[in-house]
Amino acid sequence: MVPAVHLSPVASMRRCVALMMLPVGFCSPASLRGATPAQPDFECDAQPKGAYEAIELSNSAGTTRATLIRYGATLTHLTFAGGRKGPVDVVLGWGDAREYCASPQHTYFGATIGRVANRIGHGSFELEGKEYRTPLNEAGFDTLHGGWKGFDRRVFDVVAQDGSSVTFQYTSPDGEEGFPGTVTLRVTHAITEDDEWLISYNATTDRDTVLALTNHAYFNLNGNVDNTPTVMEHIMTVPTGDKYVEVDAKLLPTGAVAPVADAPALDFREAKALGRDIDQGTVTPLGGYDNAWVFSGWSPEASLKELPVLVEVHTPLTGIGLRMKTTEPSVQIYSGNFLSGTDPATRIPRKRSQSFGTEPQFYQWRGAFTLEAQHYPDSVRVPQFPSVVLRKGKVYTQQTSYQLFAHTEGL
């Protein structure tokens, strides 16, 4: 057995350039962060019947439509008809739903993430004086998005459904992926008359545990119309994003929450194009975003209805805008740093709803952004961060909405 060779990000980037002769931004996450242990068998052909079958939702006007599957309680399509280019599917995904399980390029497209979204440093945490260990599924160094078989790889039951909403349920047994307690989770996806994709989470546990959930949709409000490769011209505003969670070279928090005024590339308090300062980001040698913005004035008691818009994005090409609200304290924005449209080993074909013409087309570097509503990364290990502990007898709740709208200002 040959031991894994762990290179620094800069050294890894140089290796990618030398060996692959590709633009440096197209190197894979593993090559930048060290070797990841071999994946387990996900038994994609042995999943329960109907795991990959489409569940269609729509509002009464048909202006916003969504498709989901039970595998990972995953959103596969979100189509808005109110822009200037006709109906546009604004989220990335696989053309064959089985690929949400089978593809080695596991991107978490549209999936429910848990038990703990984002990273757990060194795959360990303490709760009430006891240490728990979770899988080191990212570069052999940390736990990413709940481990090898997080909620994104579990098949949920459908417990309620109508034309505009579906409620999924999954019971995670005590010890699953190393986490304590049996957790029963319900997550409802609804398409509202106001063109919102509304996600509501509800969970309980039979013993004290940790829980921090999100959805990992990748947005491209152009939907690759006119073969647009990136989202760099999208205009973003995070008006109350006064601070961000500072991270180290492995994207783990240092414990500091710093002002964006001291990091201009991360300052979206005033509207600016995603691509304007992205090369000054620090999460890869080429820049990029994979950061948690902290909302000022956050309160765990606030309801979704009373909250302001926390993130707004729009694109001039299609005239589609997106407004995000959430009861969570932060948003993780990822800029598709490791999507590759040129490397035959890792490139991901665009699904049919985002392909145009007869030639094969692929998702490109920086071809999407995420708005992952969540608690701070590694909150299980950083005591000064808002707690993600769920006590026995308490109920975990979260609501996040993404409202699509026709953006006409300046067009």
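Yeah, the Cβs are placed from backbone N, Cα and C, and that goes for glycine too.
Please treat TrEMBL annotations as automatic predictions, because they have not gone through curation.
The annotation active site, proton donor is assigned in TrEMBL to His216.
Take the CB of Glu372 (active site, proton acceptor) and look out to 10 A: across all protein chains shown you find 22 other CB atoms. Taken from TrEMBL, the feature active site, proton acceptor covers Glu372.
If you draw a 10 Å sphere around the CB of Ala217 (beta-D-galactose binding site), it holds 25 other CB atoms from the protein chains shown. Residues or ranges marked as beta-D-galactose binding site in TrEMBL: Asn118, Arg119, His216, Ala217, Tyr218, Asp290.
Counted within 10 Å of its Cβ, the other Cβ atoms near Arg119 (beta-D-galactose binding site) come to 22, all protein chains included. Within 10 Å of Glu372 (active site, proton acceptor), counting C-alpha to C-alpha distances, fall the following of the recorded positions Arg119, His216, Ala217, Tyr218: His216, Ala217, Tyr218.
Around Asp290 (beta-D-galactose binding site), taking its Cβ as the centre, 21 other Cβ atoms fall within 10 Å, counting all chains. Largest CA to CA distance in the beta-D-galactose binding set (Asn118, Arg119, His216, Ala217, Tyr218, Asp290): 18 Å, whole number.
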